[in-house]
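Scroll down for the structure; my scribbles are underneath it.
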Amino acid sequence: MQTEYFGTISIRTPPQDFTVIFDTGSSNLWVPSTYCSSAACTTADAGNPDHSVTSYNPPIKACRSHSGIQETGLVGSIEDTNQIFGLSESEPGSFLYYTPFDGILGLAYPSISSSDATPVFDNMWNEGLVSQDLFSVYLNSDEQSGSLVMFGGIDSSYYTGSLNWVPVSYEGYWQITVDSITMDGETIACAYGCQAIVDTGTSLLAGPTSAISNIQSYIGASENYEGEMIVSCSSMYSLPNIVFTINGVQYPVPPSAYILEVRDHSASHRMGPNSRWPHTTLCTRKRSVYSSNPRDN
């Protein structure tokens, strides 16, 4: 399943390669360090601050313990100098142990960056390395065709028709206003509008328990012994679309994209104790998404 989208960047001179998620849900760049003794760090490439010719910055206090370093980074063909990034000293839990990436390159706004570190894209713009104050993301479920992140422009060969622009309601995450969420013309969530964030770092859709319960009830899902909400595979393709109306435009999401199909049952997975939402089905669908993120709104 294509549940994560990641690519390779280089840090330092001579360059050291790291595989990172390009994440619009965070703002810092961090990679594992040789000082990290967590199990997750043993499966990833590690940066060694002792090899740096520049000095440490104050520690970045984020989800994990980091040390900040200022270095030159290479993202594609763009050389981003004086970039502050974090070196993780601890990566607790099992999640990062099983992931195929080393770290995270945050693409959200500077306001949520830890230690006031300038995010990579903002650094690119400030240094005049990109021609436009925007980046675009193409996510494709076909591994052979691939996906991309484009800094400073839009590539029209990756989509048809015209792009729909959505105003950012708050410059922290990529936060937007959702007008409503409906099924078969009936409002099932977000009746008076609600706030949401667009996050390339996760494959889940998450929402309040009441809204998720409405959707689970509408599609006839029941809870199994593992706490998963399931529906019959035979009925899955007769279920209605979930329609997100955003900035006056309707975006229908078909059952094949909001139900995860597994061998013995179809399940909509929960995310967190207070949030449930159907899981995105990446294993069975043919899907591609193109998103452009302008910083000047």
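Note: Cβ is positioned from N, Cα and C throughout, glycine not excepted.
A TrEMBL annotation is a machine prediction, not a hand-curated record.
Annotation in TrEMBL places C190 in a disulphide bond whose other cysteine, of C194, C233, is C194. Counting other Cβ atoms within 10 Å of each Cβ, the lowest count among the active-site residues D23, D199 belongs to D199. Of the listed disulfide-bonded residues, namely C190, C194, the sparsest CB environment within 10 A is found at C194. On the backbone, the CA of C194 (disulfide bond) and the CA of D23 (active site) stand 22 Å apart.
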